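Below: the structure, in structure tokens.
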Amino acid sequence: MSDSFYRYDVIVIGGGHAGTEAALASARAGAHTLLLTHTIETVGAMSCNPAIGGIGKGHLVKEIDALGGAMAHAADLAGIQWRTLNASKGPAVRATRCQADRNLYRTAIRCIVQAQPKLTVFQAAVDDLIIHNGTCEADSVRGVITQTGLRFEAPSVVLTAGTFLAGKIHVGDTQYAAGRLGDPPATTLAARLRERPFAIDRLKTGTPPRIDGRTLDYGVMGEQPGDDPLPVMSFMGQVSDHPRQVSCWITQTTEQTHDIIRNALHRSPLYSGQIEGIGPRYCPSIEDKVVRFAEKTSHQIFVEPEGLDVAEIYPNGISTSLPFDVQLALVRSIHGFAQAHITRPGYAIEYDFFDPRGLKASLETKAVGGLFFAGQINGTTGYEEAAAQGLLAGLNAARHVHGLPAWSPRRDEAYLGVLVDDLITHGTTEPYRMFTSRAEYRLQLREDNADARLTGAGREMGLVDDARWARFSAKQEAVQRETARLSALWATPGNALGREVADALGVTVSRETNVLDLIKRPELNYATLMRVPTLGPGVDDAQVAEQVEISVKYTGYLDRQRDDIARQQRHETTPIPEGFDYAGVRGLSIEVQQKLEHVRPQHIGQAQRIPGMTPAAISLLLVHLERARRHRVA
């Protein structure tokens, strides 16, 4: 092998959802990238629930897509049941979700990775990082060492190890080292990282037993078909991308189920003290649900197919680490599961994660230059959260190599910005998942406008290819044309258009009204307006029609939110120099100094969001920073 085989611009460790998006983003941004994975066959594997999207999560997927990422396109190629959640609510909280064929999804991701220029995949476990210990400057990463002793060099490394760092699986009182069921953990790498100046703790997640769907009685369950018409996930997608569609099903646990669980709690590693890591609040185990909601006589279970050509189903709602004999009993006590055959046991897995307050907004570690962390190792849970972080880390790893400034969206620009800001400012003591409620500017951060918010920035940074840019530009131009067409038309009580509106829509035009403003009426939308002969048929692109309608219907709310953002931005981006001496700010309490020293915010906006930070402390900081700026100018 030539020396060039071992030298890259960026090395990505891990081929999961964070790792694949990181490697793809790095390569799209122009960096020669190496993706190292334990097993090439599991690149893009869905380790837990075979689903993409959902409340808050779908927003992240759309943002990944707007920046040229792979997740949405793979979901379109693999989605076998599609739903728009919160469809009856406002556009800010509507979310796209698909049940995916896990084999089709993995194949789609692997094909995208294989086709990406400047990206090389190599199968190897990483045992250590090569780190240059600086004397006059900070430590910096120089490469990695694999389990077989190979040394790969790169000035940027992205670590996306998922649950593999010192991973430990629990089933009852049985426990053993693993990265996930059937895969070895990254034990040596975890030990090496604990020797470095990182704050490391343990988290836990879990998964339910898998069931042979042919052994279930669907006659006693409720059918849950997908939406019609079918949505798509990618802005480049179309319904014809989807494979054959199937239904999911809904059933419930029984009081017998709960009795079985209560009688076996002493054998649960969650309640025996065997598991130390904290699990996800919003995806609790069935043991947790039975204990925490003791008054409930049943819990809902979503019976979700794992694929079109496999018999296995995923019983969403019964994640468990109880002993296998208890799992079998509780499964067979569920409505429709009396004859159920378990194909794989449920289990809990503990793993190492890093305090994300040790990261910059770029996801570069503060302790080691050029080293980026993304995904579950930052304390998050979920494919979508991991993939979004991976894209950001991969992009910034490439920009680090090229000597370009790091990029990270603000809270008012993207859910990705909310995610990163929450992590690096507040940290987390439990697996963090995204919800729309976490975003204070969610009316601005809708699924439908993720491309308008981010594709321009993605194009400037090399993430967006010509085909996506052409599609995006054409869409934006079509929105502008249609908006201009309708805003140029006026209906009055006496003119022909006013009479047409009254006849076609049953709407009285009592005064001169701009046609576009008619959409503001609660009973009207773009589609109904197009029934007016002079106005229709309108545009045939549903995305264009949606943008025209939302921009008009919510213009007042959007304007007020933009004003609010402008006020907040007055000091939001005021930078705080690296290594800033908070002890030198007269008037800051010791408590506030300690909080600031611990988080080391990069700008005033981040400092404001530190728990316990007072307006007075922020004012003192601003005065000190302004005084220092004037001193430098003088």
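Note that Cβ sites are derived from N, Cα and C of the backbone, with glycine treated the same way.
Straight from Swiss-Prot, the features:
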BINDING   Gly14, Gly15, Gly16, His17, Ala18, Gly19  FAD binding site
BINDING   279-293  NAD(+) binding site
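Taking the binding-site residues Gly15, Gly279 in turn, the residue surrounded by the fewest other Cβ atoms inside 10 Å of its Cβ turns out to be Gly279. Taking the mean position of the Cβ atoms of Gly14, Gly15, Gly16, His17, Ala18, Gly19 as the FAD site, the remaining residues of that chain whose Cβ falls within 8 Å of it are Val12, Thr20, Glu21, Ala22, Thr37, Val43, Thr160, Gly162, Gly375, Ala386, Gly390. The most crowded of the binding-site residues listed here (Arg281, Lys289) is Lys289, judged by how many other CB atoms sit within 10 Å of its own CB. Distance from the CA of Gly19 (FAD binding site) to the CA of Arg281 (NAD(+) binding site) is 25 Å. With respect to their backbone Cα atoms, Gly279 (NAD(+) binding site) and Gly14 (FAD binding site) stand 22 Å from each other. Taking the C-alpha positions, the distance from Phe293 (NAD(+) binding site) to His17 (FAD binding site) comes to 33 Å. Rounded to a whole value, the Cα-Cα separation of Gly16 (FAD binding site) and Glu287 (NAD(+) binding site) is 28 Å. Nearest in space to Val291 (NAD(+) binding site), taking C-alpha to C-alpha distance over the binding-site residues Gly14, Gly15, Ala18, is Ala18.
When secondary structure is read from DSSP and collapsed to three states, Gly279 (NAD(+) binding site) falls in the coil class. The binding-site residues considered are Ala18, Cys283; of these, Cys283 has the fewest other C-beta atoms within 10 angstroms of its C-beta. Look at the binding-site residues Gly14, Gly16, Glu287 and count other Cβ atoms within 10 Å of each Cβ; Glu287 has the fewest. Within the set of binding-site residues (His17, Gly19, Ser285, Val291), the lowest number of other Cβ atoms found within 10 Å of a Cβ is recorded at Val291.
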